[in-house]
């Protein structure tokens, strides 16, 4: 192919193509089809411009022979073929002198007669498909698009072909000749298919035969063929039409489409009120683990055996007492519940054989904590039809809460690395098809970046707790079963490690429907003093239960050990989703994969290796009050994973509503950034729908705060 290109094209064109490929770091010895495509595109641009001039009267004329007496100006300015810096200098100069709007992408030509930039396309596929790709990329009404194909077809914006028929015929003939020459040398098939990497859309989806007839038959009235309809749609101005249609709907509907400008959007209003509180089902950054390395005890792997072994590693137990009461609860009952757990664990140890499960005695404190006999009696509706004042319970509106800094700290912590590995390679699943080693390579790179992440620990902790709780809820419906909160990991040295975070005591669990609730009491170890951020722990009663010796650079120091106790509840459907938290790994991997795909399509080769191994490159992670935060690809992986994990941990109707409604505003802002001149009606109604979801949920409030930072920096 390289020899053919050098023989077929003018040496000046070949030299320009070589420079262009060098500028983009591409090897013409390897990417010979691309070399041919660049030369073809350059030649079409030059042919488009050749012989076209503007005379003294400002008229466009075609002059094939030089007339030394004519004062002629070239009709087209050629931008394609110049190096990027020079090309942008030319574009800026044209914009300054003609008042034309500066394009986002480098165009190929400027037409001084029509005062517009032109994007030339040469395709080996169907012109309509290539035209749409170009239009979607450029997203500008000010750049005129003209596409030629090797089969003699062409397509242009609003069916305005700019040049006379003879000039266009010359270009089409040249393209046809190139095709014939390639075919004679056996190069055409490879060249044609290379535009898409393998089989082209042209081969698979060319609209011919019956499909073409159906397309022509299914057009709206007054359109004779598909091309006419496409040209009409391409030049369609929607706003006035939409306004007209809306005004027909109802006398009350008066939708005036307002332009959406940089100054239009306002920040989302976050609620005032007391600070929001922690509402996750288990502790996150504040959790403390009692651990055993290389477990080899009798019954290893049985949760109760593992828990007792972990409890034996700690020697600093002391008489527990309340340090932060729950404002509305009977706090002595929480204290008594913990003492009961300790006592019953001691009883187990005194037995000859430790049982596999432990059902707690149904004491008054546990009955209170688990809401036993607290549910109102259910009465059949038919038995109370004649009750005159029958009504639903009065329920108070939820109290508005303000954003608190602890939730951002939780998120930051979730993105950090720990010194343990929380997933093995097979957590994401083995290849089920030989979809090539690229898929395995991406999975392995991604796993390496996230396997030590704290968010991954939360996944495995959530999977374990939800699985154990659902199993116990089905197997021991009437029992107050003691469920250890356990996770497993590997140390840096590769040794296995079993961790105990605390215990759950399950209440009665006759779960018939997906949404039926099982109550549980959670008791979790921590070194965090609750008095530092009491608002975070509103729902908890916190006990001090021991002193832990910690080794530090200075030496050993003693820290009080706390137990965070609260009553909580969950349902079958929530536990089912909790068991599937590993999906978060898959979701964030797919997001990373789409970034790799975008990069690969630009470079026209798989960029997986470069993507993960180029440690110097940074990527945008998110918005903060300081602006766009950048980080390594590993940090991007961990941030995306943490977002997915928090969406699972803090799932709620408020989050569903906020995500759906704020996305609409995000799309409008993105359209503005892409210079698409969006218009809106009832924007304030959209803001109301968004702000209606901002009540008291910490994760939703944090997302709203991030959205405001995005608005600030996106519209500068």
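Each residue, glycine too, has its Cβ placed from N, Cα and C.
Per Swiss-Prot, the feature Mn(2+) 1 binding site maps to 41, 108, 119, 120; the stated evidence is sequence analysis. In the three-state DSSP reading, residue 41 (Mn(2+) 1 binding site) counts as helix. For residue 41 (Mn(2+) 1 binding site), the same-chain residues 6+ apart in sequence whose C-beta sits under 8 angstroms from its C-beta are 80, 108, 120, 122.
Residues annotated as Mn(2+) 2 binding site in Swiss-Prot: 80, 108. Reduced to three states, the DSSP call for residue 108 (Mn(2+) 1 binding site) is coil.
What Swiss-Prot lists as motif 'Nuclear localization signal 1 (NLS1)' is 124-139, and the listing cites similarity to another entry.
The motif 'Nuclear localization signal 2 (NLS2)' (184-247) scores a mean pLDDT of 67 in the predicted structure. Annotation comment: Swiss-Prot describes 184-247 as motif 'Nuclear localization signal 2 (NLS2)'.
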Using all protein chains in view, find how many other C-beta atoms are within 10 Å of the C-beta of residue 119 (Mn(2+) 1 binding site). 22
Taking the recorded Mn(2+) 1 site as 41, 108, 119, 120, identify the other residues of that chain whose CB atom sits within 8 Å of the mean position of the site's CB atoms, giving them in sequence order. 44, 45, 80, 107, 109, 118, 121, 122, 146
Helix, strand or coil at residue 119 (Mn(2+) 1 binding site) [DSSP, three-state]: strand
Just counting, how many other CB atoms are there within 10 A of the CB of residue 80 (Mn(2+) 2 binding site)? 22
Among all the protein chains here, how many other CB atoms are within 10 A of the CB of residue 108 (Mn(2+) 1 binding site)? 23
